[in-house]
Amino acid sequence: MEELVSCHHLPLLCLQSSVPPNGCLTFFQDSACQRCSHSEFSNGHPLNDVSLQNDVAVNPIVAKSIDPSADLQLLPLLESVKEEPTLSIIVVGASGDLAKKKIFPALFALFYENCLPENFTVFGFSRTEMNDEELRTMISKTLTCRIDQRENCGEKMDHFLQRCFYHSGQYNSEDDFSGLDCKLKEKEAGRLQNRLFYLSIPPNIFVDVVRCVSHRASSASGWTRVIVEKPFGRDSDSSRELTRSFKQYLSEDQIFRIDHYLGKELVENLSVLRFSNLVFEPLWSRNYIRNVQLIFSEDFGTEGRGGYFDNYGIIRDIMQNHLLQILALFAMETPVSLDAEDIRNEKVKVLRSMKPLKLQDVVVGQYKGHSKGNKSYSGYTDDPTVPNNSVTPTFAAAALFIDNARWDGVPFLMKAGKALHTKRAEIRVQFRHVPGNLYKKTFGTDLDKATNELVLRVQPDEAIYLKINNKVPGLGMRLDRTDLNLCYSTRYRGEIPDAYERLLLDAIEGERRLFIRSDKLDAAWSLFTPLLKELEEKKVAPELYPYGSRGPVGAHYLAAKHNVRWGDLSGEDS
């Protein structure tokens, strides 16, 4: 329900029964009051409980004939109309790791910062048998007042937990979702219902849950939105089929496909850095940028998740979504506005300007066992949940190109891997050499020192730094490369919000800028599907690399093929 218009602070009353076709009747003292649309407020549902309170007549009423004293009889009803809508957040898959480690803590952080509406409840739904108190005990183990150390932290935590409830059921049972709906209505108490469902479940049961939500648990008077976690299919065909199935039950604006990397602080800051600083925007093209590197590395392997990971691999898990979405944000043209659709339109244009990846532009690897000191690290296929003959890549590097006037000829290099020497995620922009550089003899043949580089470190230790050439103090002429460094932990006090906090708040507010639209998803899959099919059909053997190393040697040859050196492998960044 939209907010009711008022005249002299007297709210409108919209009665559905026997209402003239041109809209709802308005109680007014001023002829300037406007009518409200009948469909806007009723949402097509029968007369609601609020309208039936206090024996209010439902026959046509002529506004001008109302006795002013009748206003007193309507005050309880008018007060109920003014109540804030309820917000019900339903975490489907509440007993899973993602819900416990990320979703519930993010919701508590939003509550802690007073970002949730007054009338909110959180419901957990899963197959696990549990009651409300058991859910609260489970949630409480992962909640922390990490933002700061206010004295009322414990009190806030207790208040949040009292808003948390649980309903057990099967994901494909409409009856179980009807039971959930009854519990939701009990908490909503006849007020306007807004419902947000977070699907923290395996993708093979997405459609069952969406069907049950649509048929039995959607809001009768407000909005219903569904957040969907990746993976969104395995290739173009399965992704399109998933989207088609969703749209049998939901409209596109109800579907919030989440990629939590787009909620990272440094990724969010990327467009601000570019479009609000004159020093960068003129340089953002092939004229000044030599290459762009998007790097994701983890210093641990699959460790127990091998069975799940083996079905997808590093390309589907990281490159096709996280890194490609960041690339689109980095390379897009200036949008008309900051409106969600304007930004998403520009990102889709970037993806459609790219050619599908070919096998010769990709290197795949898989980590093997390695001993370091007195400690031994198991290889990928040593995991008991992984087939011994698996060729699923745990590392991939790729070179992509954008065929448009801004980026023609600029290689965009992606690299993602597990069990590497460090954990990091960053965007590295290497600029071209200075034409006719007066100091080139001082640099010698060291390519690194001759190149300016802008680095956005997404994690850990968020930072933005620009590598520049500088004279070392002294009598001689010796040049050194140094950093102009913005380290977030030094410059800004307080902890940076988690990506899930930002994205959950955006979904609640209906802000879609950081969520993935269906056409963008389709464009992303079209780039990687031919490559994935070729890898699987030919059973391409990945290059082995030791656990804890810098990855397969082939990645260096791929970069050298495009006259690039990986920026994260220089001595100063190791």
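Cβ atoms are placed via backbone N, Cα and C, with glycine included.
D-glucose 6-phosphate is bound by Lys230, His260, Tyr261, Leu262, Gly263, Lys264, Asp317, Lys418, Lys423, Gln459 in Swiss-Prot, and the record lists one more residue there from Glu281, Glu298, Glu341, Glu346, which is Glu298. Per Swiss-Prot, Cys153 makes its disulfide bond with Cys145 among Cys145, Cys164. Comparing the binding-site residues Lys230, Lys418, Arg424, Arg428, Arg457 by how many other C-beta atoms lie within 10 angstroms of each C-beta, the top residue is Lys418.
Comparing Cα positions, Ser95 (NADP(+) 1 binding site) lies closest to Cys145 out of the recorded positions Cys145, Arg428, Lys467.
Look at the Cβ of each of the recorded positions Arg127, His322, Lys415 and count the other Cβ atoms within 10 Å; the largest number goes with Lys415. Spacing of Lys418 (D-glucose 6-phosphate binding site) relative to Arg550 (NADP(+) 2 binding site) is 10 Å (Cα to Cα, whole number). Secondary structure from DSSP puts Cys145 (disulfide bond) in coil. In sequence order, Asn452, Glu453, Leu454, Val455, Asp483, Leu484 are the residues of the chain that are 6 or more apart from Leu466 (NADP(+) 2 binding site) and have a CB within less than 8 Å of its CB.
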